[in-house]
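Asks: After the structure tokens below, expect a handful of questions from me.
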Amino acid sequence: MERTFLMIKPDGVQRKLVGEIITRLEKKGLKLVGGKFMTVSKEKAETHYGEHADKPFYEGLVSFITSAPVFAMVVEGENVVEVTRNMIGKTNPTEAAPGTIRGDLGLTVGRNVIHGSDSVESAKREISLWFEPNELSVYTANDEEWLYEN
């Protein structure tokens, strides 16, 4: 089963949206296999957003993500990267479709509530950056037989 990394950003935590976002993911049939509140170190933020280091918004992004706690999580499901990207919506909440997390809850590009891995490769890299293997659970949910075709 595929896994992806999601992070509810400081704006989402401060606005008390963690429960709503997890509920949306679980209603979609996705399984939470790891999660933790944490204050992000500057080093971890710089590593996570390293691909943007040469962009003008990089310093502000690092500063924002380290400014208050985030909720980092790993979610599992069939085609979970694609499914969660569709659920999250476009980066700019004003362009995100109604019904998506950013379309419904995001305010601006800089306060768009959530990060999600954009590929299976990114998900693997980000999961290993944010979680130790022993922090992730392996279990069969009671409803899995109803969610996936064999």
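Every residue gets a Cβ built from N, Cα and C, even glycine.
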Asks: Please pick, from Thr91, Thr94, the residue that Swiss-Prot records in the ATP site together with Lys9, Phe57, Arg85, Arg102, Asn112.
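Replies: So, going by the record in Swiss-Prot, that would be Thr91.
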Asks: Output the one of Thr91, Asn112 that, of all these binding-site residues, has the highest number of other Cβ atoms within 10 Å of its Cβ.
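Replies: Answer by Cβ density within 10 Å: Asn112.
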Asks: Relative to the Cβ of Arg85 (ATP binding site), which residues of the same chain, six or more apart in sequence, are found under 8 Å away?
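Replies: Long-range Cβ contacts: Gly116, Asp118.
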